[in-house]
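Q: My questions will all concern the structure given below.
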Amino acid sequence: MKISKEKYASMYGPTTGDRFRLADTTLIAKIEKDYTIYGEESKFGGGKTVRDGMAQSPTAVDVADLIITNAIIIDYTGIYKADIGIKDGKILAIGKSGNPNLCDGITEGLEIGANTEILSAEGKIITAGGIDTHIHFISPGQINEALSSGVTTMIGGGTGPNTGTNATTCTPGEWNISKMIQSVDDLPLNFGFMGKGNSSSYEALKVQIEAGAMGLKLHEDWGSTPNAIDTCLSVADDFDVQVAIHTDTLNESGFVEATVGAFKNRTIHTFHSEGAGGGHAPDIMKVAGLSNVLPSSTNPTLPYTKNTIEEHLDMLMVCHHLSPKIPEDVSFAESRIRGKTIAAEDVLHDLGAISITSSDSQAMGRVGEVIIRTWQVAHSMKQQRGTLEGDDEKSDNNRIKRYIAKYTINPAIACGIDEYVGSVEVGKMADLVLWNRAFFGVKPEIIIKGGFIALAMMGDSNASIPTPEPNMYRLMFGSLGRASGATSVIFTSKVASSNLKDKLGISKNVLPVKNTRNIGKANMKLNDFIGDIEIDSETYDVKINGEPIESNYVEKVPMARRYFMF
C-alpha cells in the first residue's frame, strides 16, 4: 500500500529527503535519514499502533520510561528522524521503537511496554537543551527565562545583585560558592559556578576549586594582568578545570600580545571575543584564530543590526559602573563599541572561527535570547554570504549543524561536561527540547529535564482539555518537589565532587568536569577555524588570512515581532 508524501507527512512527519523551514528564517533543513520503518511506525492514540499486543509488547517489563516517537532530531551529529528512548533520566537508545515480537528492526532499548510513557513528536523537532556559559547570577528570575527559551544548563558566577556580580561572572570564595550551590538546589536546571580567578596567589584560587567551583573566571574589572592569568591557568592545569577570561580593554597591563603570551599556549575560554562586551581594544578578536583559544560571543551584538551601536553605549555604562560625567569613563565605553568589528563577528561565526554563543545575562546580554539570536545570525549570514560550503540551494544542513553546535556541544566541551550533556546521543542526560517547526528557536513547546517534563506551553488549567487559551509557559511536575533535584546536577571540580553533596546537604547530584586542559580549537565541533585575524587599529577593518571581511548591519530580523505580539 502506498500513500502520498503529503498524507504521510501529516500522519508521521516528514521523512528522508523532505525539507522544511526553521521558523520564519530562510534556513531550510533536509532530513538526512529516517530510522523508523515505513508501515511499522509507532504512533499513540485511539486506533493507532501503540497498543498492547501491537507496537506495545504484552510481555516486556524492563523497558524505557519514556519514548519520543517520530521526532526530527537537529543536532551537530545530524538532521534525522527517529524514536528516542529515555530511562533513568538518560538517553537509552535512538532508532526504531516498537514490539520486537511483531516487527523486525526494533532498536535495542526501544521496546515499548506497559511501563513506557509516550511523547508524540510527529512533525516536531527535538534538540539538546542549550548550555549558557556566561551567566551573571544577578537575579533568580533568570532561571525561568532561560528554561523557557530552551536552555537547560547555566554556567557562570555571581552572588545576586552585588556590584561585583553586576559586572563580573565570579562567585568568590568558599562561603559564597557553597551558598550559591545550595540556593539552586530546587531549580530544574544544571548549574556550574566559576570562582574568581584574578589573583597572584595560587592558594587563594585553590581554595575555590576545592569548595566546588567548576572553573575560574578572569575579569578585567578585578585586574586581568599577565601574572594573574598565569597563576590562574597554573591552578586550572593542576585541577583540570576551565578558565574563562574577559581581557584588559584599556590595555593597562599590556596589549593583546601580552595576554596571549601569558596563556603560554594553554587552553582558555575567551568571553565576548569581538570586544564590545570587553577585552583588549580594538583587537581582542585576534584570539579567535588561535589554536589554544575556545572563543565565544555574547548575544547583545548578535546579529549586527541598525540599532546595535546605539543600544550598547548605555548598556555598557550601567554594567561596568561607569559615569557619563567622567570623560575617561565615556572614552572607555566608546573604545569598546566598534561597528566594523561587530559586523565581522557575524562572519567569524559563519566561518566557524567563533565557536560558542552565550548570553552575558543582565550584564549587557539577554538570558532568554541565546538560541534565538544564534539562529538570527545564521539567517543574516545566509542572506549576506549565500550558501555555506557543502550546502546547496535547496538545503542548509551544514550551516544549521554549525550553528546548533554553538550553544549545545561546544560549550559542553569547553567546560568539560560533554560526557553528560550537549547533544542528542545515547548515554547523555535526557535534557531535550521539543519544538513546533514554525516556532523553532523562538518558543519551545516542551522542555524535558533529565527525562521528565519541567516546563511546557500549557493552556488554562481549568479547561476541559490542555489547549484552551491562555497558552503560556507553566512549570510542570519535573520542576516540583524533589523531582527537580533528582533530574538535574551541579557541575564541580573533581577534587570537590566526591563529598560535596553530603557536605552541603543538597539533593542535586554532583558531577565532575573532565578533560578541560587537553583540548583546543580543533575540538570545537564544526567550528574549528584557525587562522590569522587582523584588526586595523585606526580604521577597525578586519581581515582573515589577509582577506577583508565584508558585512553590513541588517534592518530586519526573523524570529522577532510576529512571534511576540502577545
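Heads up, the Cβ atoms here are built off N, Cα and C, so glycines get one too.
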Q: Of the candidates K48, K217, K443, K449, which does Swiss-Prot annotate as part of the Ni(2+) 1 site that also includes H134, H136, D360?
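A: Ni(2+) 1 site check in Swiss-Prot: besides H134, H136, D360, the record includes K217 out of K48, K217, K443, K449.
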Q: So around the Ni(2+) 2 site, K217, H246, H272 aside, which residues have their CB within 8 A of the centroid of those CB atoms?
A: H134, T168, T169, L218, H219, E220, A244, I245, T247, T270, F271, G277, G278, G279
Q: Taking the center of the Cβ atoms of H134, H136, K217, D360 at the recorded Ni(2+) 1 site, which other residues in this chain have a Cβ no more than 8 Å from that point?
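A: Neighbours found: T133, I135, G156, G157, T168, T169, A244, H246, F271, T298, S358, S359, S361, A363, G365.
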Q: Can you name the binding-site residues among H219, H246, H272 whose CA is within 10 A of the CA of D360 (Ni(2+) 1 binding site)?
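A: So the list is H272.
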Q: H246 (Ni(2+) 2 binding site): which of the binding-site residues H134, K217, H219 have a C-alpha within 10 angstroms of it?
A: K217, H219
Q: Between H272 (Ni(2+) 2 binding site) and K217 (Ni(2+) 1 binding site), find the distance joining the two CA atoms and give it rounded to the nearest Å.
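A: Between the alpha carbons of H272 (Ni(2+) 2 binding site) and K217 (Ni(2+) 1 binding site) there are 13 Å.
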Q: Within 10 Å of its Cβ, which one of these binding-site residues (H134, H136, H246, H272) has the largest number of other Cβ atoms?
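A: Sorting the candidates by Cβ neighbours within 10 Å, the top entry is H134.
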Q: Using all protein chains in view, find how many other C-beta atoms are within 10 Å of the C-beta of H219 (substrate binding site).
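A: Summing over all protein chains shown, H219 (substrate binding site) has 25 other Cβ atoms within 10 Å.
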